[in-house]
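Database features, via TrEMBL:
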| type | residues | note |
| --- | --- | --- |
| TRANSMEM | 21-39 | transmembrane segment |
| TRANSMEM | 73-97 | transmembrane segment |
| TRANSMEM | 109-126 | transmembrane segment |
| TRANSMEM | 132-155 | transmembrane segment |
| TRANSMEM | 160-179 | transmembrane segment |
| TRANSMEM | 185-204 | transmembrane segment |
| TRANSMEM | 376-396 | transmembrane segment |
| TRANSMEM | 402-421 | transmembrane segment |
Amino acid sequence: MDRNSKPRSVLDSLGEEIVRIIIPVSICMLLVVILVSVLNNDSDSSGPLFTSIATVAYNESSSDSIWEKLKGALLNALVFVVVVTAVTFLLVLLFYFRCTKFLKYYMGFSSFLVLGFMGGEISLFLIGKFRIPIDCITFALSLFNFTVVGVLAVFMSKTAIIVTQGYLVVIGVLVAYWFTLLPEWTTWVLLVAMALYDLAAVLLPGGPLRLLVELAISRDEDIPALVYEARPVINPDSVPRGAVVHRRVWRERRDDDLGSDENLDFRSNLNSTVNSSLGSSSGLERLPSIGSDENERSAVDVEDGHVLGADPELAAPLIQHRINVRMNLQERSSDDFALEGIGLGSSGAIKLGLGDFIFYSVLVARAAMYDFMTVYACYLAIIAGLGITLMLLAFYQKALPALPVSVLLGVLFYLLTRLFLETFVVQCSMNLLMF
């Protein structure tokens with residue numbers, strides 16, 4: 001790279017970066033809305049169709065008053081959040097004691113149950129709805145093959161990224177549909193409660209998700225979890241002539257760490273070393289820098305859009321605009337440290353937890369049970385909130401919760417559409433007014 005070359009602006013490929021994460025989210029929401037429209041004939045689901053942790057404390061009934069429904073929904077949400085918090089802390093504890101294989105097998109077993117049992121039952125619903133002629137043996141073999149391939153694609157083997165992404169979206173669709181079977185008041189209160197929990201778990205110093213991410217960073221290990229990783233945006237202008245563009249393998253270990261003499265200890269749970277031939281480094285989370293501003297570098301080279309050494313550059317436009325890139329090839333180091341966080345991947349790609357897919361889809365599907373006008377409003381609100389979160393990710397360069405902004409905007413737009421916009425549109429239509 002030329003020393004005087006002008007770094008690319010975040011606006012150059014911001015749209016492509018956002019689209020690569022919005023497309024799978026939109027597909028997931030669309031599929032859940034279709035399932036709800038096809039399988040749920042009664043839009044007024046006042047009573048629970050099945051018993052789960054979210055309905056242990058209170059079973060909603062249509063004869064209950066609004067205050068009773070609200071109080072019971074708050075109690076259900078509190079129980080659910082407490083259980084999720086306890087399970088997350090247990091996950092942190094197991095990961096701290098390096099029970100990684102157990103966690104990996106557990107997540108694989110959970111995916112098997114979701115694809116096999118939840119997917120199988122929804123498939124039976126669809127077969128009965130559309131009267132599809134199929135025998136039991138064919139159905140069982142097809143479901144088993146589909147489930148096993150899904151578990152292998154997500155956890156156990158290296159497959160094409162499009163296959164892994166597809167199965168992650170399918171898992172999100174299946175779980176989200178079952179969440180739509182919860183009572184209405186419990187669903188809405190649970191969505192708000194999970195958004196607040198996500199905010200606290202990621203941003204608070206003692207939050208379980210923050211502890212988990214920081215522990216993974218300190219060990220330079222991958223967390224066995226259901227996380228959707230989009231493809232990184234490749235900057236074609238930065239690839240040298242004759243070079244072949246390769247996508248870096250997630251969590252690839254590098255053994256050629258021989259290019260520097262200075263190591264810095266980042267005492268904010270980043271127990272890693274940054275080798276720099278310039279002798280100056282700075283951390284992502286407002287860590288003090290050494291040297292002049294001209295020599296300021298990030299601790300994570302791959303996330304400022306550069307794969308160093310002989311590898312071509314991978315552009316991460318949501319990250320690289322905050323980094324000083326005025327260096328030539330001779331000044332580059334031979335090592336880079338991969339930082340994992342919610343929203344950031346080692347390849348410079350955006351990562352989004354599958355729970356975000358699920359709760360986005362639950363919100364839109366619940367809106368679809370009332371009216372499609374609310375679906376459009378909630379969808380636009382969720383996408384706007386996701387875009388705001390991605391912009392905040394670009395500015396703060398740290399793990400951020402993806403639920404709060406989108407869910408709160410979605411709930412707000414649902415209420416405004418249902419209480420005001422629908423009444424306005426209906427009155428205009430009845431009086432033959434055009435606007």
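Each position is counted from 1, following the chain as shown.
Cβ atoms are placed via backbone N, Cα and C, with glycine included.
Against the transmembrane segment (132-155), stretch 109-126 shows more Cβ pairs under 8 Å than any other of 21-39, 73-97, 109-126, 376-396, 402-421.
The stretch from 73-97, 109-126, 160-179, 402-421 that makes the most Cβ contacts under 8 Å with the transmembrane segment (21-39) is 160-179.
Between the transmembrane segment (109-126) and the transmembrane segment (160-179), the number of CB pairs under 8 angstroms, six or more residues apart, is three or more, so the stretches are in contact. Between the transmembrane segment (402-421) and the transmembrane segment (185-204) there are 3 or more Cβ pairs closer than 8 Å, counting only residues 6 or more apart in sequence, so the two stretches are in contact. Highest Cβ contact count with the transmembrane segment (73-97) among the listed stretches 160-179, 185-204, 376-396 falls to 185-204 (criterion: pairs under 8 Å).
Counting same-chain residues at least six beyond the ends of the transmembrane segment (185-204), those with a Cβ under 8 angstroms from any Cβ of the stretch are 48, 54-55, 58, 60, 69-70, 72-74, 76-78, 80-81, 84-85, 88, 179, 210, 342, 355, 359, 362-363, 366, 399-404, 407-408, 410-411.
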